[in-house]
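The structure appears right after this line, and notes come after that.
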Amino acid sequence: MNQLVGEKLSIATFKAQTTRHRIMGIVNTDDAQIVFSDTPGVLKPNYKMQEMMLQFSESALADADILLYVTDVVENPEKNMDFLDKVSKMTIPVILLINKIDESDQKKLGNLVETWHKLLPNAEILPLSAKNKFGIDILMKRILELLPESPAFFDKDQLTDKPAKFFVSEIIREKILRYYDKEIPYSVEVVIERFKEDERQIHINAIIYVERSSQKGIIIGHQGMALKKVSTEARKSLERFFDKKIFLETYVKVDKDWRNSQKELNNFGYNPE
């Protein structure tokens, strides 16, 4: 979605399940408005948070005029057969996007396209490289051709449905996903306690919640060095995002088993509408 909107609205890492919420990105042209919904990937839930993530995806699907199914050249096409069966029966246009074609060769890509044709005969297939922006213009043109006529849902100058504090928490979480391994990144939630902005700078206080005391120690690291690294890298990214001086303070707290607590999930914004 970042390449389509032209701004970094969704965090991206090499780890699975990076996206947790439904994030809208809005593109306005002279005579059209495209509202992209980036959603969590399809998965079998292991705890309540993942159940909420799945609801975000299902709610976006129910609202959609076009489905963009994003895969890549290394993903196993048959890993989500139940969902593919659902997609194959959809009446809205389906465009299958095969990303990272810069990491494949022509023969492998041809075989992959053939496999996907068999699995989703109702889908248009478009190979692309988001990193190199190859295929993005073709995709945007096709989306404009397929969109139904409708009044605009958002103001012309609106870029997303999410507030600034949401992107602060996501950028901090992105750094945690990049710098920590195993279960640690998936046990973390970031809450912005203070966001005070003026013309030149923003003061931010962020709390990083983990599920166990042992995880708190890992996040902080020896003499606080691990947390300092995350905070420094997050501050740099936030300054690029807001184009302002950022003063960032981060704290770590334990909220035991928050991923399975409906109350805490509601407090953290996991409320599919």
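Glycine is treated like the rest: Cβ placed from N, Cα and C.
If you check TrEMBL, you get these features:
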DOMAIN    1-149  domain 'Era-type G'
BINDING   ASP38, THR39, PRO40, GLY41, VAL42, ASN99, LYS100, ILE101, ASP102  GTP binding site
DOMAIN    180-256  domain 'KH type-2'
CB within-chain contacts under 8 A for PRO40 (GTP binding site), separation at least 6: GLN17, THR19, ARG20, HIS21, ARG22, MET53, LEU54, PHE56, SER57
Proximal but sequence-remote residues of the same chain as VAL42 (GTP binding site) (Cβ under 8 Å, at least 6 apart): LEU54, SER57, ASN80, PHE83
Number of helical, extended and coil residues in the domain 'KH type-2' (180-256), per DSSP: 33 helix, 29 strand, 15 coil
Under 8 Å by Cβ from LYS100 (GTP binding site), same chain, sequence gap 6 or more: ASP72, VAL73, VAL74, SER129, ALA130, LYS131
C-beta crowding around ASP38 (GTP binding site), within 10 angstroms: 22
ASP102 (GTP binding site), number of other Cβ atoms within 10 Å: 12
DSSP helix/strand/coil residue counts for the domain 'Era-type G' (1-149): 56 helix, 31 strand, 62 coil
